[in-house]
């Protein structure tokens with residue numbers, strides 16, 4: 001597959017600007033690696049979009065299972081990439097420090113594949129129940145499903161907070177559902193099943209069954225028995241739990257002070273809004289009160 005134009009896209013430049021404002025050394029390693037992978041695959045895609053996007057027809061019926069691995073890490077254009085990666089940046093800063101780098105990488109890997117599987121199951125079920133074969137041809141691409149799942153985790157760790165969605169302050173436990181609804185009311189052609197699959201996977205994790213399976217897998221393949229028995233405690237004023245285990249709640253690591261100075265204690269959505277204003281002020285683009293998905297919609301993208 002040919003590289004894109006030698007001119008670096010604006011979305012990539014804006015993402016790089018945001019990363020340097022935070023400080024590359026302040027970005028946890030797995031988050032940084034995931035950002036780099038997505039940017040690299042955008043600048044040098046392995047295949048054309050119609051050969052990596054995920055659909056029942058292409059993946060299940062034609063047995064092209066590699067799309068489960070490729071689809072989440074490819075993006076249609078630089079704005080699709082930018083808004084998804086900006087959202088990943090803020091979520092990674094919080095979640096990777098809470099969960100630990102190994103577990104966060106494990107979560108990203110499992111979520112990426114499982115969301116694709118559930119997406120295929122949803123689309124296949126709709127096609128069969130409604131007798132509408134076109135659902136099997138719906139093709140999705142991008143990291144949005146994983147971001148919805150990570151948002152469920154992040155909101156679970158901050159149960160008393162609120163999320164700003166288009167100027168409405170929604171309790172965190174309902175935020176994902178409201179964001180899903182708002183996105184698809186505004187742009188019905190976005191992948192509802194893909195985003196819903198992300199929420200389902202996030203709920204399977206925070207409610208227990210998926211987390212238990214992942215812990216069992218990690219215990220079998222990656223750790224000695226004595227490590228599995230170790231217990232750790234952590235403190236986080238936004239989360240009521242007081243004791244975790246090695247696989248999930250790592251000792252809470254304080255975020256560097258210069259990161260606090262940059263975020264000023266804002267929520268993810270407020271951080272992204274501020275970063276967008278700072279990055280785009282010279283271009284005359286205003287993205288007030290928008291999440292990463294809503295900012296993408298504002299610019300007329302349907303991915």
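Using the three backbone atoms N, Cα and C, a Cβ is placed for every residue, glycine included.
Remember, TrEMBL labels are computer predictions, not curated facts.
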Checklist entry - Between 12-41, 42-71, which stretch does TrEMBL give the note transmembrane segment? => result 12-41
Checklist outcome for this item: Of 192-210, 211-229, 230-248, 249-267, the range TrEMBL tags as transmembrane segment is 192-210
Checklist entry - Pick from 102-122, 123-143: which stretch is listed in TrEMBL under transmembrane segment? => result 102-122
Next on the checklist: Under 8 Å between C-beta atoms and at least six residues away from its ends: which parts of the chain pack against the transmembrane segment (102-122)?
Outcome noted: 28, 30-31, 34, 54-56, 59-60, 67-69, 71-73, 92, 95-96, 140, 145-146, 149-150, 153, 191, 193-194, 196-198, 200-202, 205, 210, 214, 218, 222, 247-248, 250
Next on the checklist: Give the mean pLDDT for the domain 'Peptidase S54 rhomboid' (63-207) on the 0 to 100 scale.
Outcome noted: 90
